[in-house]
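These notes concern the structure reproduced below.
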Amino acid sequence: MAENSVLTSTTGRTSLADSSIFDSKVTEISKENLLIGSTSYVEEEMPQIETRVILVQEAGKQEELIKALKTIKIMEVPVIKIKESCPGKSDEKLIKSVINMDIKVGFVKMESVEEFEGLDSPEFENVFVVTDFQDSVFNDLYKADCRVIGPPVVLNCSQKGEPLPFSCRPLYCTSMMNLVLCFTGFRKKEELVRLVTLVHHMGGVIRKDFNSKVTHLVANCTQGEKFRVAVSLGTPIMKPEWIYKAWERRNEQDFYAAVDDFRNEFKVPPFQDCILSFLGFSDEEKTNMEEMTEMQGGKYLPLGDERCTHLVVEENIVKDLPFEPSKKLYVVKQEWFWGSIQMDARAGETMYLYEKANTPELKKSVSMLSLNTPNSNRKRRRLKETLAQLSRETDVSPFPPRKRPSAEHSLSIGSLLDISNTPESSINYGDTPKSCTKSSKSSTPVPSKQSARWQVAKELYQTESNYVNILATIIQLFQVPLEEEGQRGGPILAPEEIKTIFGSIPDIFDVHTKIKDDLEDLIVNWDESKSIGDIFLKYSKDLVKTYPPFVNFFEMSKETIIKCEKQKPRFHAFLKINQAKPECGRQSLVELLIRPVQRLPSVALLLNDLKKHTADENPDKSTLEKAIGSLKEVMTHINEDKRKTEAQKQIFDVVYEVDGCPANLLSSHRSLVQRVETISLGEHPCDRGEQVTLFLFNDCLEIARKRHKVIGTFRSPHGQTRPPASLKHIHLMPLSQIKKVLDIRETEDCHNAFALLVRPPTEQANVLLSFQMTSDELPKENWLKMLCRHVANTICKADAENLIYTADPESFEVNTKDMDSTLSRASRAIKKTSKKVTRAFSFSKTPKRALRRALMTSHGSVEGRSPSSNDKHVMSRLSSTSSLAGIPSPSLVSLPSFFERRSHTLSRSTTHLI
């Protein structure tokens with residue numbers, strides 16, 4: 001191919017390019033400097049050549065490979081067009097390009113290089129497919145400068161419908177295609193050459209110098225300029241094992257080395273090659289940081305060990321080092337430690353070096369505060385100026401004093417309405433109001449005589465301003481950075497986790513910013529007749545909208561923070577970094593997020609205090625009462641919504657526990673009343689002896705049986721695993737379908753039994769469902785009363801007691817004898833197996849005559865009574881029980897096919913449940 005024929009024309013010359021022309025020294029990367037050209041000029045000027053694919057040795061025996069080659073009709077061919085710049089001048093311009101050409105010869109099989117002729121013939125463009133890039137055949141082809149590809153390239157092109165690619169180097173697979181790598185820290189040339197070769201075989205590109213085009217840095221150490229630049233640019237820094245493991249998976253289709261799940265296993269951890277020690281931390285914090293050090297690839301040693309590379313210092317506590325550090329030891333602040341974990345790379349130490357807190361001016365000022373009383377006016381004046389300077393330099397934090405952890409845990413959201421009228425119980429905020437959104441319009445004017453009403457109004461404004469600052473801190477320091485795109489090391493939290501944590505905080509911030517601005521206008525232009533109550537009435541609807549969603553889900557927000565902090569080290573580091581900032585007042589995110597929970601009761605206290613100091617003739621007196629009422633209404637909504645939220649959570653638990661539970665069980669008006677564990681005593685709603693769970697809701701009854709075989713765990717897209725569903729849905733029954741509740745008398749053969757007489761709307765007969773309660777926690781009498789009360793509420797009847805009837809077990813052929821015996825369990829298992837075979841032809845026996853006799857005979861053992869009445873015979877029993885029969889049909893209790901199936905399609909009558 002070195003002496004390819006050239007066709008000359010007046011416009012230029014075109015040559016089939018020798019692969020050597022596209023050597024790495026010329027093009028650096030295979031396709032970056034190539035233009036995908038059209039074949040228009042080639043058809044006119046290119047000599048006719050023949051493209052062909054040659055399967056070498058084992059490649060010719062792979063049926064999958066041969067089948068894939070038959071679907072590929074095109075390959076890329078490199079060409080060089082030689083174009084003269086001007087006629088008569090010797091200057092020539094080389095235009096390199098890659099064109100697509102048809103594969104005229106499908107494929108040729110070859111056993112050895114020697115037997116194949118025409119390797120260098122200009123009449124052919126040959127592509128050799130080799131299965132092993134380590135054997136002698138590959139080496140011979142490589143030395144002959146032939147185009148060599150691996151089977152994965154062919155399979156990939158066939159799958160995607162792409163032409164066979166051109167590469168100036170042997171290309172086994174495309175698992176590193178479009179990746180640009182740079183290496184640092186390698187001292188053994190042989191290892192570096194091996195890694196570079198593998199990258200080229202997988203389609204990757206190598207850069208000697210680090211620049212913005214480099215996608216990955218492969219590092220053998222954590223020092224050097226390339227490492228620091230990669231950290232600053234957020235470029236992933238990888239171990240050499242990443243390349244080796246990717247090469248091991250070279251034959252896998254659809255594998256790509258840059259996929260996060262694979263790549264993250266081989267990222268250089270932040271503390272690789274680092275040995276840390278810690279100073280100034282509590283035992284608990286130190287233990288936590290030592291565990292994080294090992295987790296992030298580092299080691300730790302006791303303080304003062306000469307082998308340590310870094311000393312991490314708690315700069316807020318440590319004022320002086322206990323020893324003189326060596327020149328090789330980095331003494332850094334704790335922010336370096338947490339920052340490295342957050343960015344998932346070792347941060348530069350120079351930005352976080354620990355320095356002693358030297359404040360000579362302050363020391364000089366404080367030194368003047370001696371025990372000796374100044375004897376001159378000059379000393380007194382200097383002392384006064386020093387104290388004034390200290391007071392000006394002291395930044396009063398807008399945050400209240402930090403509470404004990406026990407105080408936080410003792411807070412109950414449900415106690416929001418428990419508002420004391422003592423102003424001493426309100427939080428003592430700082431005296432200097434600050435605003436994160438804008439500065440105050442003017443300094444607060446002080447009336448000549450400060451009234452108590454003005455003092456309380458000023459405190460209300462100050463606390464509101466501080467509260468807005470706290471909300472702004474939450475948003476600016478926590479929420480906004482977490483939501484930013486292009487975070488170094490990838491997103492710290494998933495979007496749904498961020499939404500769960502912060503909820504409606506931005507909406508709360510917007511409302512209170514407006515309230516603060518209105519209060520500021522009122523304070524600046526103070527007048528006793530100005531109405532403060534109008535401000536809160538103005539935004540009462542906004543408060544109702546924004547607060548309940550956040551306060552009701554605060555516990556969920558708190559749990560999400562704790563869970564993510566344990567599972568995600570970068571999030572833990574992010575919280576630690578921000579907690580150390582002065583804006584947070586050394587408080588955690590959970591402690592800051594609890595402020596909205598506390599704010600409304602605090603405002604109500606101040607408004608109550610303001611009302612006390614407002615004259616009766618002042619119009620704001622009545623307005624304040626309305627404002628306090630509106631705040632209580634908001635807190636009432638919070639408590640009601642909290643109860644609704646808990647009720648909805650219970651329904652969700654039922655849905656997850658019951659496999660196949662209908663979706664229409666979820667409804668805003670529905671709540672779970674009681675759960676009862678029972679055993680089925682009849683053939684319906686499931687086989688006798690089956691464990692059945694009844695979920696009583698305020699308007700329906702969910703019937704579920706215990707699963708015979710537990711299904712696999714449910715895994716959400718976010719990796720959280722739910723317990724497997726332990727129950728199987730049978731039927732969701734509206735309470736309106738329950739016509740009577742039968743209290744079965746206690747006998748030797750029947751204990752704790754009851755029955756339900758139901759009328760499905762799609763059937764012409766009543767159905768008897770009998771159960772035995774298995775738990776003694778809830779007495780049967782209480783359960784039946786509860787059930788009848790909700791049935792009566794559903795059908796809009798006041799006489800719930802009339803729904804209960806007492807009956808003898810013999811009348812309905814109900815007994816609980818031997819329910820748990822081995823023989824009974826074996827019998828049920830045999831019966832269940834036989835039903836699977838003959839279900840289509842089986843006709844279950846029914847207690848037809850027994851139930852007819854119990855319901856239709858004028859004298860029997862059934863006595864209609866209320867739960868509170870004494871048992872006695874009722875002579876007019878036929879008339880009293882006629883409602884049980886419904887339709888006087890001989891097939892009154894024929895068991896319908898409605899309960900023959902183990903799961904049912906919802907009937908039309910259940911649509912009202914939605």
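Backbone N, Cα and C define each Cβ position, glycine as well.
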From 11-15, 401-405, 616-620, the residue range that Swiss-Prot assigns the feature motif 'Nuclear localization signal': 401-405
Residues flagged as motif 'Nuclear localization signal' in Swiss-Prot, choosing from 373-377, 378-382, 718-722, 863-867: 378-382
In Swiss-Prot, the member of SER406, SER425, SER622, SER861 to which phosphoserine is assigned: SER861
Candidate set LYS514, LYS611, LYS709, annotation SUMO2 cross-link, source Swiss-Prot, matching residue: LYS611
From THR432, THR846, the one Swiss-Prot labels phosphothreonine: THR846
Of the residues THR359, THR422, the one that Swiss-Prot lists under phosphothreonine: THR359
Phosphoserine: annotated position in Swiss-Prot, out of SER365, SER370, SER667: SER370
For LYS611 (SUMO2 cross-link): intrachain residues, at least 6 apart, with Cβ closer than 8 Å: LYS621, LEU624, GLU625, ILE628
For the domain 'BRCT 2' (266-354), residues assigned helix / strand / coil by DSSP: 28 helix, 17 strand, 44 coil
LYS611 (SUMO2 cross-link) in three-state DSSP notation: helix
